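Encoded as structure tokens, the structure appears first; notes follow it.
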Amino acid sequence: MKRYHWKVLPQDLKSSPFICQQYVASLLSPVRAKRKDAIILHYMDDLLVCAPNDSILQHTLDLVVKVLTSAGFRLQEDKVQRMPPWKYLGLQIAARTIVPQKLEIECNPKTLADLKSLCGSLKWAKLSHQQYHQNVPGLIRQFQLTRSQARAIVATCPNCQVQAMPSMGEKTEHAKKHLVQAFSVLGIPKEIKTDNGPAYTSKEFLEFVQQWGVEHKTGIPHSPTGQAVVERAHQTLKQVLARQSSTTVWMSPHEKLCKAMFTINFLNCSFENMSPPVVRHFNSGNQFKLSQHPLVMIRDPKTWETKGPFELVTWGRGYVCVATPSGPLWIPQKWVKPFVPKNPAPAEGDKRQVAIASKRRRRRMEEKESS
């Protein structure tokens, strides 16, 4: 049976991490037995205390502090988190959600601890680049690096120096399938431009674009410069596929393409515009924005009571977001209904219709009396 020994202890420890973990657990076990209604999690020197209400939480926290300080541990008051969001082991815990903690990089280290933190943060950025191979602006946007730091990560990556451009054939049915998938994600465009290949000049493809109501234009025959935008997109996609080839050996061609498109659309950006392409695409027009924000009534997920009215922010298939005094609230669509005032003021059109109807009624009554 193999035995493993620590050569370098992590986090500046002077003893074994296992011994430290076991010793802290033995100190906390009486508190856990006494306060069974509270949750105490710990990893090395990081502790998380949870309780159903503030009184139980404060009592449990006092017991934990008393036990640890009596054993010789020192509590750093500047690291105690009492208000949300709480950060614990790379997670950011809010009142309703638990999400991965956003990476913050200290680019101006002044102490040895700051320098160690910077090296660890750059390691996370380097691991992300090894997985997705983002460009320099994408790394700057995602990890808040300086330009020189991002360039160094890209320059030291061996796969980002390769520029392979394989060519693939296509037929009309493949082009139609690709466009249908693009329409389902990006929406139906007003116009598309392709080259003069047989797949795009066939009668079947012409009927397809007419069915979707899309205007189709082709480039100048035998002129590659007329397809500069398309060829540039092909070049970018092929470069990303080639860079990710070492990490996508086990993937199918469809999975490789999806990973490359995710990197291009969601992670990469440019120095002129630090927003990724997917943000620029969906925020460019007002087609998908609500022109009005009507008032709605909702069912409170905590008390199951009907509350409101609240302003509708956005909605989709199965979900709704409303603006509450405490912030935006996401709830199922079935818990929302329109707000109807009990005594609504009549609109100008309704007043006009009532006046016309009363005139007709009086006229009919006069005709009956005269006859």
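Glycine is no exception: its Cβ is also placed from the backbone N, Cα and C atoms.
Taken residue by residue, the domain 'Reverse transcriptase' (1-93) breaks down under DSSP into 41 helix, 16 strand, 36 coil. Sequence annotations record features per position, and here TrEMBL assigns domain 'Reverse transcriptase' to 1-93.
Annotated domain 'Integrase-type' per TrEMBL: 120-161 (among others), in sequence order. Note on the domain 'Integrase-type' (120-161): mean pLDDT across this stretch is 71.
If you look up TrEMBL, you'll see 162-284 marked as domain 'Integrase catalytic'.
The DNA-binding region feature in TrEMBL is assigned to 294-341.
According to TrEMBL, the feature domain 'Integrase-type' maps to 294-341 (among others).
If you look up TrEMBL, you'll see 341-371 marked as region 'Disordered'.
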